[in-house]
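Step one of this worksheet: look at the structure below.
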Amino acid sequence: MDFSGLIDNFGPLTVTGLAQGAIIALFALGYTLVYGVLRLINFAHSEVFLMGTYACLIVWGFFGLDQNSAAPGVGGMLLYLVIGLVVAIIASGVTALAVELVAYRPLRRRNAPPLAFLITAIGASLFISELTGVLTHRNQRGVPPIIQAKPLFTIGDTTVTNLQLLIILLALVMMFALDRFINGSRLGRGIRAVSQNPDSAALMGVNKSRVIALVFLLGGLMAGIAAVMYDLKIGVTRYDAGFLLGIDAFAAAVLGGIGNLRGALLGGLLLGVLQNYAAGLFGSQWLHAASFVLLVVILLFRPTGLLGESLGRARA
Amino acid sequence: MTTTTEKATWRSSGGVRGWFGRQPGWVRGIIVLVSAILAFLLPYAAEVPLIGPQIVTEGIDWPSALFNMSYYVLLALGLNVVVGYAGLLDLGYVGFFAVGAYGTALLTSPDSVLYADTGWKWLMAVPVALALTMVAGLILGWPTLRLRGDYLAIVTLGFAEIIRIFATSTTTLRGDRGFASIPHPPGMWNGKPIFGVTDAVPYFWLGLVVIILVILGVRNLDRSRVGRSWLAIREDEEAAEIMGVRTIKYKLWAFAIGAFIGGLGGVLFAGEQGFINSQTFVLQFSILVLAGVVMGGSGNMAGAILGGALISYIPDRLRGISLGDTDLYEYRFALFGLVIIIIMVLRPQGLIPSRRRAMELKDREKEVAPQ
């Protein structure tokens, strides 16, 4: 086996992996939040992310930006970035709420078995991604160069670009804010109560429906931010982008312990970094195979993920 | 004890199923026989006045559509054992289908590296390919069956992805180029081979025979000690283990049998198509089959058959139809997603639920907590 590919590029692979992992972690939060409260895999979360990747492209298109336009100045860059983030957050949040309303709420009213929720979520996912596929003629769409990746500083022989730093920092800030919200606010206490015991929480006066909608919304917000970061980092999006990255994000959530917010961050970063190492070692086509082998090995020794499931139990 | 009381309730219940249960044995036998014969006559459905032309597909040759349905039904029956009976959520079922198909291709196709040593006929490759899929089921099951519920789901999903990546990226499995000239099933009739290239009817009949054998086999298993153990595991794994059910052993059984049936589907598919490559075995395929099983009614074979047939029939039926300027075939999966949501919202227990599940759901509906 040839280790030189990994050892020579260890630093750059780590930094790229961390940036990729930060996006995966933000995406994974949606799976973890919904799972923590409902004990269900929200299969349609990948499409919540997908809507974010398209929404910011469409709004940048309104400003006459496409993949061939010149990079804007610093002021324009900040303005476009903020607008893109806001629009993507709104689009993803609305999609998440719509999924909850159409695919989850009617079944919850009837106390349907858990598998039924999984299937309606699959149906919603299929509908959104396929409709996007038809409307975009299954072509990929390029992203305007809002942020030009420029080397910012160098550690040893590893250069860190401004974009990588932005992605990692934004993910950390959002994680911290979400953690404070869940553990510190009144609404967050409601979420933790429902995740511990939905019926008792309802009897204690927590509005269960509102908490569930809130959880979907929060997952959508995080996915919207992840979507903009994904656009800027990868440079293109396509109708199946959500599905493909969604598998990684779901794996990351499980790896860290599904239902556990800090687990999602740890799982996402770990998965991103290790995927890049595996790509350096075996070639990029083995990237996903390696991450699943890793997942199986970790689950064998820690069957509930690295940090365990605990949205409600411990203080996350 | 439980079985007798349960039978008493469903026999006395109304509806088609209650009526069927009250008939004497010979009437039920005749009904089953007639429906089997009708199933064999399905390729000629177009001849039936009025209804026939509405049923048959337009954009794809009807016998081919029927054959597609037959291997989807096989997959649904196999997945129903894993998900419906044993209650193990498997998101990567297409992996077994792929192992069956690739096993056949490796042993028979001239493109295979083994061709110089094997180069077998289709029929010789079948038992080996099936043994291979069962081994794959055990390999997947043995380390992973300690995991519960959703953790198992992601691991099975990963298993299918790993198989697909192997098929795409290794030279032995040939990726997109795939394996060509996989031999068809044997047999001659009037000096011509029965299983030719143009006519899909014999393949459909072959599929139907396999389906009937699988139904008989699974039905007997379900009524045996194995089936009762599956039921116990599905309902409450801890309780089952305490009562002395060897849960790991029976979960492995479910995986191996599910794998076997999935492998059968793969072997038939390879034999009919004569060509396979890595594009066939995408993840969406397993998810589609899972949707079929749950939509039809998980834990009930009639439901799984209906669900499996629907997931293949609906997209095929939409082929070649256009509304105004839009070709509906483009929208087939989007429409299909809508159909899934509507069916599940209206009937969360599935189209033809198992009796036990239907009764459970009635109980659960009474228990809805204040919203």
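Glycine too: its Cβ is placed from the backbone N, Cα and C atoms.
Copied from TrEMBL, the annotated features are:
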- B:26-46: transmembrane segment (TRANSMEM)
- B:66-86: transmembrane segment (TRANSMEM)
- B:93-110: transmembrane segment (TRANSMEM)
- B:122-142: transmembrane segment (TRANSMEM)
- B:149-167: transmembrane segment (TRANSMEM)
- B:200-218: transmembrane segment (TRANSMEM)
- B:252-271: transmembrane segment (TRANSMEM)
- B:283-313: transmembrane segment (TRANSMEM)
- B:333-352: transmembrane segment (TRANSMEM)
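Long-range neighbours of the transmembrane segment (B:122-142) within the same chain, counting only residues 6 or more positions beyond its ends whose Cβ lies under 8 Å from a Cβ of the stretch, are 95-96, 99-100, 103-104, 107-108, 155-156, 159, 182-186, 251-252, 255-260, 262-264, 266-267, 271. Sequence-distant contacts of the transmembrane segment (B:333-352) (same chain, six or more residues past either end, CB-CB distance under 8 Å): 291, 294-298, 300, 302-303, 306-307, 311, 314-315, 318, 358, 361. Within the same chain, the transmembrane segment (B:149-167) stays apart from the transmembrane segment (B:26-46): fewer than three Cβ pairs sit under 8 Å, each pair at least 6 residues apart. Against the transmembrane segment (B:26-46), stretch B:200-218 has more CB pairs under 8 A than any other of B:93-110, B:200-218, B:252-271, B:283-313. Proximity of distant same-chain residues to the transmembrane segment (B:252-271), defined by a Cβ-Cβ separation under 8 Å and at least 6 residues beyond the stretch ends, is recorded for 70-72, 74-75, 77-79, 81-82, 85-86, 88, 90, 93-105, 122, 125-126, 129-130, 132-134, 136-138, 140-142, 145, 182-185, 195, 203, 206-207, 210, 214, 218, 221, 226, 230, 280. Long-range contacts of the transmembrane segment (B:93-110) within its own chain (CB-CB distance under 8 A, at least 6 residues past either end) are made by residues 75, 78-79, 82, 118-122, 124-126, 128-130, 132-133, 136-137, 140, 156, 159-160, 163-164, 167, 172-173, 178-183, 258-259, 262-267, 269-271, 276, 280-283, 285-286, 289-290. Outside the transmembrane segment (B:200-218), and at least 6 residues removed from its termini, the chain residues within Cβ reach (under 8 Å) are 36, 39-40, 42-43, 61, 63-64, 66-67, 70-71, 73-74, 77-78, 81, 185, 194, 257, 261, 264, 268, 271-272, 301, 305.
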